[in-house]
């Protein structure tokens with residue numbers, strides 16, 4: 001039988017054995033290559049997604065199998081159709097021992113050096129992947145070998161952006177704590193993506209309040225604006241994240257230079273109150289009005305928060321606004 005036969009998805013018997021971590025089976029298949037008959041296993045075959053057997057083994061964290069594959073000379077920097085290396089795959093799934101093994105190869109005297117600078121088709125490094133998944137211990141390994149902590153994807157996002165997006169508190173804290181250490185791994189919290197979103201915008205947009213606290217504690221600009229003029233407060237209001245909005249507004253009562261400017265409007269003249277009303281987040285609307293935001297404020301086209309709530313048919317929000325207006329005129 002052909003040891004290089006492929007399934008509909010392009011997987012060989014070697015792929016299958018690697019996927020399940022069957023060490024002895026993988027070893028047997030690879031050992032065939034040293035015998036005098038026509039059963040040579042072709043380790044260069046990839047499946048329909050461009051995954052080699054090494055990608056498969058790394059993705060599953062089968063470190064001993066990974067060692068076998070590298071010992072027979074498989075390309076440690078091979079990329080899938082989407083540009084991912086075996087290191088990307090191991091980092092994606094948080095396989096600490098596999099990642100450590102791959103990185104430790106760089107200290108050995110043979111041609112198996114892992115290129116940590118390789119990015120996938122979207123410009124993601126292995127560090128971006130590990131941060132997005134919140135694999136803090138893997139992140140440490142990658143930074144220890146000198147990976148660029150401020151590297152950006154094609155859309156301008158840093159590893160910090162990725163960790164903030166998913167609300168990985170411990171990973172964000174680890175990244176920010178590096179700034180207090182005497183090494184060249186300083187996280188630049190001023191970097192924005194292609195839409196001028198800071199990591200704080202990202203965290204507020206997702207409602208990760210504890211992460212927001214971390215970012216503010218290291219001095220990130222609370223009133224920073226995106227290309228379209230939105231502040232972190234706008235983003236939290238847009239998605240209706242009550243606790244995040246409350247936290248931001250409560251900062252104004254503290255004796256520190258973190259005052260949220262609720263008067264900032266975006267490029268269309270929308271205040272955070274316009275945004276919250278448009279989305280029908282009534283409880284957030286209440287918070288904003290409680291801190292004195294102007295209920296009759298108008299956008300560039302003259303629309304009020306009430307207009308926005310009416311436009312989208314948000315009954316409870318409209319009712320609250322009308323009740324508030326009635327009570328305030330008594």
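Positions of Cβ are set from backbone N, Cα and C atoms, glycine also.
What TrEMBL lists as repeat 'ANK' is 9-31, 49-81, 82-104, 122-154, 155-177, 195-227, 228-250, 268-300, 301-323.
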Contact set, same chain, for the repeat 'ANK' (155-177): CB under 8 Å, 6 or more residues outside the stretch: 122-123, 125, 127-128, 130-136, 139-140, 149, 187-189, 191-195, 197, 199-200, 202-203, 206, 208, 210-211, 214-215, 218
Local confidence of the repeat 'ANK' (155-177) - pLDDT mean: 98
DSSP helix/strand/coil residue counts for the repeat 'ANK' (301-323): 16 helix, 0 strand, 7 coil
Chain residues outside the repeat 'ANK' (9-31) and at least six past its termini with a C-beta under 8 angstroms from it: 3, 41-43, 45-49, 51, 53-54, 56-57, 60, 62, 64-65, 68-69, 72
Beyond the flanks of the repeat 'ANK' (82-104) by at least 6 residues, Cβ under 8 Å: 49-50, 52, 54-55, 57-63, 66-67, 76, 114-116, 118-122, 124, 126-127, 129-130, 133, 135, 137-138, 141-142, 145
Per-state residue totals over the repeat 'ANK' (82-104) - DSSP helix, strand, coil: 16 helix, 0 strand, 7 coil
